[in-house]
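A.B. asks: I have a structure here, written as structure tokens, and I will follow up with some questions on it.
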Amino acid sequence: MALVTTAEVCDANPQLIVSGELRALQPIFKIYGRRQVFSGPVVTLKVFEDNVLVREFLEEKGNGRVLVVDGGGSLRCAILGGNPVVQAQNNGWAGIVVNGCVRDVDEINGCDIGVRALASHPMKANKKGIGEKHVPITIAGTRICDGEWLYADTDGILISKMELSV
């Protein structure tokens with residue numbers, strides 16, 4: 001989505017907004033990482049205060065995908081830290097959206113990857129490996145399914161049922 005803003009995508013696709021095929025996440029996420037604009041096919045993950053599955057996903061080749069993690073909105077610990085973000089950058093992930101907290105913010109902000117999260121928190125997550133992969137999740141008032149497309153910039157985050165072009 002080079003040089004096309006989320007606002008332009010919304011303006012160009014009113015029929016997709018009306019039909020629900022294009023949805024905007026509520027503006028609850030803070031921006032981390034050097035890449036403020038990113039997009040790609042979505043991979044979903046649902047965990048709670050546990051980051052084992054998050055790390056496992058980011059160890060895989062990203063191929064321009066975006067990992068969207070429903071962390072239950074927990075503000076009690078971070079489920080994403082600097083080391084997995086560096087690995088995600090090196091493995092070709094376009095971005096990571098976390099309905100939860102991150103830590104190692106300075107390290108994350110040095111990475112060429114897009115990261116969105118609710119906040120930062122110094123405490124680390126549990127290591128039990130409990131969660132669900134590739135399941136529909138609902139974060140920021142929006143249902144998101146594996147394989148949909150995410151578009152993010154400094155205005156916000158859009159989810160589309162298909163890849164968009166403007």
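Every residue gets a Cβ built from N, Cα and C, even glycine.
What TrEMBL records for this protein is below:
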{"type": "BINDING", "residues": "GLY81, GLY82, ASN83, PRO84, ARG103", "note": "substrate binding site"}
{"type": "BINDING", "residues": "ASP104", "note": "Mg(2+) binding site"}
A.B. asks: What whole-number Å value do you get for the CA-CA distance of GLY81 (substrate binding site) and the residue listed as 'Mg(2+) binding site'?
C.D. replies: 6
A.B. asks: When you rank GLY82, ASN83, PRO84 by Cα distance to ASP104 (Mg(2+) binding site), which of the binding-site residues ends up on top as the closest?
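C.D. replies: If we rank GLY82, ASN83, PRO84 by Cα distance to ASP104 (Mg(2+) binding site), first place goes to GLY82.
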A.B. asks: Compute the mean position of the Cβ atoms of GLY81, GLY82, ASN83, PRO84, ARG103, which form the recorded substrate site, and then list in sequence order the other residues of that chain whose Cβ is within 8 Å of it.
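C.D. replies: So the additional residues around the site are ALA78, LEU80, VAL85, VAL86, VAL102, ASP104, GLU107, ILE108.
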A.B. asks: Over all pairs in GLY81, GLY82, ASN83, PRO84, ARG103, the listed substrate binding residues, work out the largest Cα-Cα distance in Å.
C.D. replies: 11
A.B. asks: Would you say which of the binding-site residues GLY81, GLY82, PRO84 has the most Cβ atoms within 10 Å of its own Cβ?
C.D. replies: PRO84
